[in-house]
Ligand SMILES: Cc1cc2nc3c(=O)[nH]c(=O)nc-3n(C[C@H](O)[C@H](O)[C@H](O)COP(=O)(O)OP(=O)(O)OC[C@H]3O[C@@H](n4cnc5c(N)ncnc54)[C@H](O)[C@@H]3O)c2cc1C
Ligand SMILES: Cc1cc2nc3c(=O)[nH]c(=O)nc-3n(C[C@H](O)[C@H](O)[C@H](O)COP(=O)(O)OP(=O)(O)OC[C@H]3O[C@@H](n4cnc5c(N)ncnc54)[C@H](O)[C@@H]3O)c2cc1C
Ligand SMILES: Cc1cc2nc3c(=O)[nH]c(=O)nc-3n(C[C@H](O)[C@H](O)[C@H](O)COP(=O)(O)O)c2cc1C
Ligand SMILES: Cc1cc2nc3c(=O)[nH]c(=O)nc-3n(C[C@H](O)[C@H](O)[C@H](O)COP(=O)(O)O)c2cc1C
Ligand code: FES
Ligand code: FES
């Protein structure tokens with residue numbers, strides 16, 4: 001049997017395989033470099049970068065929940081300048097797609113970060129995290145409002161020459177509305193989902209377990225929710241969709257690909273098993289071989305309903 | 001140490017303890033009667049009753065997911081008439097609160113079921129499931145729209161003399177809006193949450209694992225999401241809130257009580273362990289004893305933030 | 001019906017990927033009839049979450065229930081690591097069980113794979129020699145030796161898909177051969193359990209020949225108690241409520257009451 | 001740093017609710033320094049999901065790492081059931097480790113409860129008699145005998161909260177007594193690990209006395225690699241990035257660099 005072709009295209013972005021690591025769960029790649037060969041990955045989505053450095057939320061920042069975890073890191077990051085100076089050069093030495101996840105507190109900030117990454121060598125695409133609080137609009141998240149999602153998308157697309165992936169929040173009544181808004185505003189692709197908002201309480205001390213009160217739920221627990229949203233969005237927009245949420249093995253990855261995602265991201269699973277993404281790539285390869293499938297592209301969107 | 005007082009009041013409804021069994025997970029009570037003493041429960045919420053009998057969705061109807069399960073039962077039930085004739089008489093023999101969960105496809109249907117239960121002996125309250133598709137409005141669920149939620153609530157309140165509990169869907173951008181709408185429309189209490197919508201795919205056959213394509217996610221996986229919504233709603237409305245979602249032991253129950261829920265419902269845990277609700281009652285009792293708490297009421301809403 | 005923590009008395013491999021577990025569950029054992037099943041809590045944490053249904057394969061020494069199982073996924077993989085002395089929550093006995101054959105009937109037991117489990121229990125309470133027992137497996141290494149499962153002396157005719165043991169071919173062929181030999185003096189009554197394709201074939205054969213036949217079915221289950229309505233299966237007749245619940249109305253059904261086309 | 005499946009060579013109870021597990025992890029063992037830790041995958045399914053951090057308590061026979069742990073919750077309860085021959089994924093060695101004392105320093109090791117684990121490792125590579133070692137426990141039945149953990153001959157002074165073994169009172173009292181005895185010729189350097197209240201007291205004592213002191217801290221961790229930023233802990237100084245990450249910048253910190261008020 002020939003070696004199956006795992007390459008996928010996300011619009012203009014070509015990946016050697018459909019497996020990316022999710023933002024915030026893989027640092028800047030380097031943290032995992034002594035454990036796995038990063039060049040085998042389809043790509044790395046780095047931790048969200050903001051215009052200015054951010055210290056993040058006070059601890060405790062994480063807590064485990066059944067088959068999942070809550071995090072309230074608070075988008076701690078080194079900021080655009082340090083990212084370009086201290087983190088990017090190392091990433092440029094890799095032979096895999098590097099996607100930079102960005103966020104801002106205002107449309108302008110999003111634009112400024114996108115502009116700062118525009119034209120920079122070694123960045124394959126920009127992923128726009130629109131699931132963070134919008135201070136301008138009184139604390140509502142951009143990602144829960146179609147108009148604001150469109151505004152952010154438009155601005156980022158205008159400011160950069162890179163493919164723009166808009167990352168959607170699952171905490172909405174109808175994710176298709178946000179998806180369509182972002183697509184119409186010029187997004188090249190969508191990734192979904194980010195975390196579901198959740199909470200846990202310390203019953204002894206009667207305080208929230210996270211200093212931030214609530215946090216984002218990730219891990220296998222949320223997989224059915226993310227998968228359903230991917231299923232819905234794939235049928236609502238024409239641009240490519242990247243599936244994220246609770247994927248821990250190649251079978252989970254296949255669920256998203258079959259539903260129509262053109263690539264997938266591995267988040268929390270990286271903590272459980274640093275080799276998870278490589279094992280998934282290997283699993284997809286073997287699956288294709290066993291089934292006599294030449295190209296992983298032939299699996300994408302093959303759900304029968 | 002004195003015996004702690006576990007009684008709680010949900011408006012006019014008095015419960016011997018805050019532990020109810022959740023609709024759809026406990027049948028009509030009788031299914032569990034040879035396993036546990038139902039009279040020890042705070043109450044039983046029976047399977048959703050509709051005006052006419054419903055056969056439900058084709059199988060497969062359930063599938064397990066990490067720390068949870070998806071169900072697409074399709075609200076199979078015997079219908080109002082048979083419920084009153086065949087199921088209720090047995091329930092009337094119990095010494096615990098019986099709450100009847102109802103749903104309809106139109107506002108009128110909700111009203112008709114509520115009217116049919118009005119004045120009937122042995123029914124302590126009505127729980128209105130507004131998380132099902134609204135055929136009149138083109139398939140959107142009542143429970144995701146504040147106006148429709150208010151309309152259904154108003155009608156049910158008008159048609160019955162029983163306390164009305166409105167059960168909210170978590171599949172919304174801001175559950176507080178729906179909660180406020182239902183409260184303003186006259187609901188006596190709210191219960192939340194129902195299931196999160198999710199999906200699973202059979203990768204061998206490339207079909208959804210549920211015949212209905214999507215289903216409702218329940219179980220420990222969703223607990224952080226339900227808890228956060230309870231936390232939010234308790235702070236947004238003045239009427240009592242009942243917490244539901246992923247509770248499997250007394251510690252989970254305490255998280256909801258501390259967040260401000262005045263009672264809790266046990267759903268999926270009944271399948272895992274038919275004694276779950278009784279163990280939770282016992283756990284709450286021992287917790288109170290150990291901490292020297294006289295009344296469980298003193299635990300409710302004691303979250304420090 | 002009861003839910004009780006039950007001590008594992010043994011858990012031994014009896015064929016490839018196939019184990020027999022003995023659970024000390026006196027109250028379940030006292031009530032159990034062939035065709036009934038139990039729901040076992042196999043996970044220690046909450047993953048896997050739900051109980052797993054297993055037919056009762058036999059009762060030993062009044063208080064032991066035997067379960068024959070094959071490793072197919074997460075839950076059964078956990079089970080095979082269980083050791084003597086550990087304990088497990090057993091919920092049961094559940095479901096309806098087989099209706100026993102009448103005097104003068106000639107019972108024919110037809111098993112596919114793990115479908116042998118409830119039929120071993122059924123056979124164990126019937127007169128030796130008074131029935132036929134056919135069991136199909138994939139290959140010789142999957143064949144469960146009946147003396148391994150405490151039913152020594154059971155006269156079993158085996159088929160395997162690859163012919164590595166017994167008849168080469170389908171177990172339904174053994175059934176058909178046997179039926180061809182009937183003289184009309186005794187009436188054959190069929191008891192079948194196994195994978196769906198096999199049961200469909202058994203249904204076709206017995207419906208066609210207007211023979212009495214009971215099949216034991218599987219379905220995804222959450223409660224096992226008739227409470228969740230998760231285990232629905234389509235009835236043949238057109239009635240207000242179109243579904244049976246496998247856990248409560250079954251798992252054993254008369255072949256006539258099901259909508260075989262919808263299965 | 002490496003991730004590898006490691007065979008369990010033994011897993012024995014050494015005090016009440018306290019176990020010592022020996023894992024065959026040659027690559028981790030080869031690199032490990034006192035104060036470093038490993039992340040163990042303890043769940044078989046996905047509940048519990050995350051790895052659990054444990055200090056390395058010692059290295060034996062070049063390829064065995066020892067972990068001393070106490071049952072406190074779901075993960076450690078699963079661990080204590082692990083048996084010889086099973087295996088476990090080990091990720092490590094992680095973190096910075098202790099900075100070794102200089103010649104002429106007088107090391108004082110101060111442990112509370114399971115905080116003894118990394119200090120046993122530290123003591124094992126220091127000259128016998130060249131340091132003091134104080135360990136506090138709740139009561140006698142929690143006391144870990146050092147020869148049980150392969151460090152026989154280790155001269156340990158014990159305190160217990162209830163006085164059932166050794167000094168009655170806090171282990172920090174033993175530290176204070178010892179410090180009172182210093183003559184100024186040698187400089188005491190303190191190494192401490194234990195529950196936060198104890199570490200705060202050690203910090204107060206050593207900061208007050210302007211003594212060199214390293215503490216090993218705990219935090220909730222997801223990755224252990226510096227990738228998730230989950231294990232943040234407030235720095236004392238005012239800088240652009242206000243947090244250290246316990247997994248990467250620690251778990252061992254100089255007492256001066258932390259914001260003890262925020263802990
Ligand atoms: C009434 C009844 C009696 C049964 N008796 C026995 C018995 O005596 N011995 C025995 O070995 N098994 C029996 N089964 C099947 C047994 O319940 C499943 O094999 C078991 O639940 C699988 O659990 P798992 O976690 O290992 O597999 P999972 O990880 O849950 O699933 C692994 C694979 O097996 C399939 N599968 C899971 N459950 C079933 C099922 N109920 N029917 C068909 N396929 C399934 C899944 O679709 C999946 O492909 C019975 C089932 C029922 C409903
Ligand atoms: C760097 C480091 C080294 C450690 N070394 C050891 C060691 O050598 N031996 C040992 O027994 N333990 C050690 N611990 C603590 C150990 O990681 C926890 O006891 C373990 O993770 C608990 O897992 P669990 O599933 O049993 O408990 P859980 O069910 O997760 O929690 C049970 C209870 O313990 C508390 N708890 C859980 N984790 C921690 C933690 N990290 N710190 C404080 N409280 C916690 C929880 O809040 C909860 O109240 C170390 C922790 C760190 C961060
Ligand atoms: C610790 C942590 C930090 C995260 N940080 C970011 C981030 O900076 N930007 C972002 O878009 N998503 C972030 N996410 C979300 C993940 O990228 C991913 O969407 C989510 O975790 C769901 O995938 P999973 O279930 O595979 O983890 C973070 C998730 C975790 C667990
Ligand atoms: C099989 C099943 C059937 C259900 N049927 C109903 C129903 O008829 N009406 C309703 O309001 N909720 C129904 N629910 C939702 C539960 O009452 C509960 O809100 C939900 O399962 C979350 O709680 P849990 O995580 O404890 O199960 C059903 C849930 C399950 C699992
Ligand atoms: S499994 Fe719940 S009704 Fe059959
Ligand atoms: S545990 Fe992830 S950064 Fe420390």
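Even glycines carry a Cβ here, placed using N, Cα and C.
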Binding-site annotation, TrEMBL, substrate: partner of B:71, B:72, B:73, B:74, B:75, B:129, B:194, B:195 in B:47, B:158, B:162, B:238:
B:47
Members of the recorded positions set B:23, B:74, B:132, B:195, B:268 whose C-beta sits under 8 angstroms from chain A:
none
One residue among the binding-site residues B:48, B:74, B:219, B:246 has the fewest other C-beta atoms within 10 A of its C-beta, namely B:74
Using only the residues recorded as binding substrate (B:47, B:71, B:72, B:73, B:74, B:75, B:129, B:194, B:195), report the maximum Cα-Cα distance in Å, whole number please.
16
Taking every residue in the domain 'Dihydroorotate dehydrogenase catalytic' (B:6-285), what is their average pLDDT?
94
Which ones, of the recorded positions B:23, B:48, B:129, B:132, B:219, have a Cα no more than 10 Å from the Cα of residue B:195 (substrate binding site)?
B:219
Can you list which of the binding-site residues B:48, B:72, B:129, B:219, B:268 have their Cβ under 6 Å from some atom of ligand 1?
none
A Cβ under 8 Å from chain C is found, among the recorded positions B:48, B:129, B:132, B:195, B:219, for B:219
Candidates B:48, B:129, B:132, B:219, B:246 (recorded positions) with Cα within 10 Å of residue B:72 (substrate binding site)
none
What Cα-Cα separation, expressed in whole Å, is found between residue B:74 (substrate binding site) and residue B:246 (FMN binding site)?
21
Residue B:246 (FMN binding site) to residue B:47 (substrate binding site) - Cα separation in whole Å
18
Sparsest-packed among the recorded positions, when each Cβ's other Cβ atoms within 10 Å are tallied, from B:72, B:132
B:132
